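Participant: The structure under discussion is supplied below as structure tokens; questions concerning it will follow.
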Amino acid sequence: MKRKLNQYIRKSLLVAVTFILVFCNAVTYVNGQQYQISAGEKIKYPSWFDSSGTWSTRMYTVDGKIAYCLEASKHSPGNGTVGEGSYVDNENLQKVLYYGYGGPADTLSTDGVTSVEMAYLLTHIAASYYYAGDLHGVDLEKLRGWGWAEWIEAIPNRPAIPKGEIGFSKNSLKMYQKDGRQRSEEITVIGDADATLTMVLDKDMELHNLTTNQTVTGTVQLSSGQKFYLSSPLTKRDNYNWSSGSLMGTTNSYYRPLVLTIDDETQTIGTMVLGNGETKPTSLQVEYLPVGSLKLIKTNEDKQMLDGAVFNLKGKNNDYNQDHVVKNGVLQIDNLLVGDYILTEIKTPADHDSLNKEYTVTIKSNEVTTKTIVNELIPVGKLIINKKLEGHLDDLSGIEFKITAKEDIKDIITGTVLYRAGMPIGQNQGIYITDQNGQIIIDKLPMGSYLISEVKTLPGYVFDDTVYEVAFNKEDRVTKEYQYTLNVENKLTQTTISKIDALTKQLLPGATLELYLKDGESLSLIEQWVSTDDAHLIKGLLVDCEYVLKEVKAPAGYTLAPELTFKVENSESIKEIVFENQHIPVVPTGDISNYSGYAGIALISFIFFLIFTKQKRRIL
């Protein structure tokens, strides 16, 4: 291999290739393992390779695998030499051994033209060239006519071969918020086509495999070419950075250049071996979103915890936007992204006003931000109805009042109409019933004007048809309850019955009278009395009921008066009933118009006398 090349081309090419190869031959030692080198048939360089025609090589094998000398200018190792093995990361050497003679994709000995010896020799020359930049004994220009120089020079442009690699298109991911969770961008597993790796996810992490359309947790297996993204709940963590650790994938077609070093004077021997199943290490790092909490305390001016308030929380720099209801006076929202939020009270607790409806709160990592919000009580009205009945001190329950809105009643905070004019207030169509003490208490009435009317009273009392107006108006910011007391008294109905002479119109004593309550065809005795020189007063007769007045005994010298029927009106005025009696007629002297009657009476009396006398004799 002593033939001279063109000095400029030769020196430039060797310097460039040598410079590149110094940095390409990354060495990985195989734990000091040694291999047996076998030297086979000697192959001489053709004389036309260069001018000397004295160079040669041998067909080497290492543990039965075809091997090549990688430094043509040095001495060739002898048969049986033992060398220390190591792997090198040299892509061009890998391609030479892969596409050269004896490689998995041999393109020389299989072309139908190149002999085995020539294919081995050309592979040796290319291997020495791409490993050490060593072309001793070869003039590439002499090989061009055969296409062999082109084959050697085309090595860098050959398709990449399995490198025993698997990794990710990005090794560092930052989570972002999406639909109430945090997720990463989509990345792809890259590397040898048949390479796979196994990764243990964080405890609450999910891997969404877009290629297989599966979501998995825990230990996952990924194959080259698969696309995926990661997601996790927004939650407090001690460490917001997660690492997969060193990941070693596996592959079944990983070919690696194995080089055997003997000494400084002897050529390095190279061969292609199938990888041991493990790929180069890779890793994946994830940066989680830091979160904190918001604690809201809801009270009024009296430090009472308030329920029912509704707040909207909206992130200034994220898409969080949710409504929350306060319960038991406390609202805690966990796992909020760090940053500023707008807190808006959209519904105040019942009977309360808000002092300030919008607040800015800042959430810090792993901290609880506490916000206390105080609400004023909304002023309300309290209506007390006291019902009294004349002469009635016992149970006053059962009297009914109806309350309606005189005008539209509005919420003084929002202006929302609570009751339209004329609408009943409260349940049961606005009907309220007195308790045993005759009292009705209605509290928490909104500010406004109301109408109160009696709809039912106790029997025997005059119904109060007055419509009362009550108004509650906010007068200051201090008073929280405005009270109004309405006193309503019912009088008993009053009825006088006067027994008079029909002719003189003077009161007649001595008549026995009875008063009955008429219910359909039946009569119920209410009272019996004897008339005097004064009118007889009866209280508590039922309004609009029918009564029958009877005389059971007339005063001496008077005939019985006919029955009298009457009703009692709903009025506090005294109802006056006049019951007249006629005199018994007197027969004047000389008047014989009644003699026949008197004679008949005398005759009947005489007949009874005779019968009585006859019966007495029989007894004796």
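Just so you know, glycine gets a Cβ as well, placed from its N, Cα and C.
Annotation comment: TrEMBL describes 35-162 as domain 'Thioester'. Taken from TrEMBL, the feature domain 'SpaA-like prealbumin fold' applies to 292-376, 382-479, 495-582. Taken from TrEMBL, the feature transmembrane segment covers 595-613.
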Participant: If you average pLDDT over the domain 'SpaA-like prealbumin fold' (292-376), what do you get?
Facilitator: 87
Participant: Tell me the residue counts in helix, strand and coil for the domain 'SpaA-like prealbumin fold' (292-376), as DSSP assigns them.
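Facilitator: The composition, in the requested order, is 0 helix, 57 strand, 28 coil.
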Participant: Counting each residue once, how many in the domain 'Thioester' (35-162) are helix, strand and coil under DSSP?
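Facilitator: The breakdown for the domain 'Thioester' (35-162) reads 45 helix, 31 strand, 52 coil.
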